[in-house]
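Structure first, commentary second.
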Amino acid sequence: MASPTAASEPKIPHQETNTAIDIEHVPVTDDPRQWSLARKTTTLCIVSLATMVSTLASNIQNPSNFLIEEALHATSNQISWTLAAFQIVQGNLPLLWSAASEIKGRKPVYLVSSALFVVGSAILAFSKTIEVMIVMRTLQAAGSSAAISISAATLADIYDTHERGTRMGIFFAAPLLGPALGPILGGSLSQAFNWRASFYFLLICGVVTFLSFLILFKDTFRHERSLMYRSALQRLAASKEPVQSSNESISTTQDSSIPVKDIEKQPQPLYAPDAIPVLISTPGLENVRLSIQDINPFPPYFRILSRKNNVFILIANGLVFGFSYCLSYTCARTLANKYGYNAFNTGFVLLCLGIGSIAGSVIGGRWSDRVLASKKAANGGKWSAEMRLESSKLAMLWLPPSVVAYAWVCEKHVNVAVICIMLGLIGFTSIWMYSSTIAYLVDANPGRSSTAVATNSSFRGSLAFVSVMTAVPLQVRFLDLLYPTHADASLFSVQDALGDGGLYTAWAGILVVMELMVMLVLHKGELWRRESEEREREILRE
């Protein structure tokens, strides 16, 4: 082994000009991918619990909205803001959590965010005004958003590429229970006690989550596998600042004549093939001091958006989530207004959507890994991240027709059993696709998985915000003039204007466009990624 050295000129420049760095397989101390099955399973369960609680918090109050209006003397518009503010914060704050997790590690971020969630839930349970409730829902969203942002990155830390589809499928099954169980739990607790009981329940869940991270969770983050720290080291090299290392200096194992290859082309093992250079772990890396330039979350965000393949997949994922959020809310309204269902019965119907989603997540994740393995074998052992998207084709055939069928089943007030079937099929096909596209997003952005998933959350939250503000009753000035003394007469919604038939037929058309985006990435994504990587290398050389 080489003796400890102080490099007067760090030996990392120029390696990016003609070699690809397999950053996912950099040797590290206590490699999370070498952990025992028990340790990995414990980590998977904890982050799944945290994400399930986060999604549960988003809609558990829905059955209690009318009770909150009466108790806090709130308007429908104020209630809408408790939902919309939660979604926009939960969707966009992960950008900051993601950057923090790349600096301090995953565990400190989980602990701080869980503490914020606990505080927000506690104050919500005792809130006396709607204004306090809106602010605390925002704080609660801020605390819950970290799990949504960095949980997938945590799994990327402990599972290798060829395992991620299955594990992502299992992981996304748990948080899908949130939207499914939220209405049932919220309705049951409100009927048995009062509307505050839902937030007491979230408080208990938050405490359990916090203690799980504190006692059972072991940090999965390693500086050596972070592009943020690598870029800091490159910045020091460019400025010719000395970098102290107590062990070996950074080196590569590939001859410079070997052409550049995409990082994503090497899915295998916990070692990298000889043809791909692997950075040797540098213990001195954790001593690198990050500048504002390094920790600023927005440049990584815009780097994710600078790749066309990422943009199309992000839009597609956002549309799927916006659709699902709109569906769960408007379905509850339809069941209450047209079928006379109470909150408890409505929750049981919406459970069909959750069950379908869970099945689609688990089965779709496994199918994704199987298709990827098959494509790789057929291609002589070589692969690209886009191969994973092949698995979404089957679901594409069924999703738009299922949505159209649901639209007109509700419009014609057909037996509720048919609605249950349509909800199950929609949940199954939409999440089947989502499990493939989110795994693709992680595979296509090695070393930036946390930022990629945070950017995905931003798109999801923003489109969910739009979905809430169009599905929840909106105020119309014209009807205000006609009925100035009747507050509720001035309210209507897109659902009322179009009916379920028109609203979800339109959504089916939007989902067709979404599927075309995924197909475009499937056929053009690899080329776009190569072009983006070459452009990024040219910028670094400058």
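Glycine too: its Cβ is placed from the backbone N, Cα and C atoms.
Per TrEMBL, the feature domain 'Major facilitator superfamily (MFS) profile' maps to 43-526.
Proximity of distant same-chain residues to the transmembrane segment (109-127), defined by a Cβ-Cβ separation under 8 Å and at least 6 residues beyond the stretch ends, is recorded for 50, 53-54, 57, 72, 97, 100-101, 133, 136-147, 150, 196, 199-200, 202-203, 206-207, 209-210, 213-214, 217. Taken from TrEMBL, the feature transmembrane segment covers 109-127 (among others).
Residues or ranges marked as transmembrane segment in TrEMBL: 171-193 (among others).
Annotated transmembrane segment per TrEMBL: 199-217 (among others), in sequence order. With a cut-off of 8 Å between Cβ atoms, the residues of this chain six or more beyond the transmembrane segment (199-217) that come close are 42-43, 46, 49-50, 53, 56-57, 60-61, 107, 110-111, 114-115, 117-118, 121-122, 124-125, 140, 143, 147, 185, 189.
For 311-336 (among others), the entry in TrEMBL reads transmembrane segment.
Counting residues 6+ beyond its ends, the transmembrane segment (348-368) has Cβ neighbours under 8 Å at 165-170, 172-173, 176-177, 179-181, 183-184, 324, 327-328, 331-332, 335, 341, 388, 391-392, 394-395, 416, 419-421, 423-436, 439 in the same chain. Marked as transmembrane segment by TrEMBL: 348-368 (among others).
The transmembrane segment feature in TrEMBL is assigned to 415-442 (among others).
Long-range contacts of the transmembrane segment (503-522) within the same chain: residues 309, 312-313, 315-316, 319-320, 323, 326-327, 330, 386, 389-390, 392, 396, 399-401, 403-404, 406-408, 410, 433, 437, 440, 494-495, 528, each at least 6 residues beyond the stretch ends and with a Cβ under 8 Å from a Cβ of the stretch. According to TrEMBL, the feature transmembrane segment maps to 503-522 (among others).
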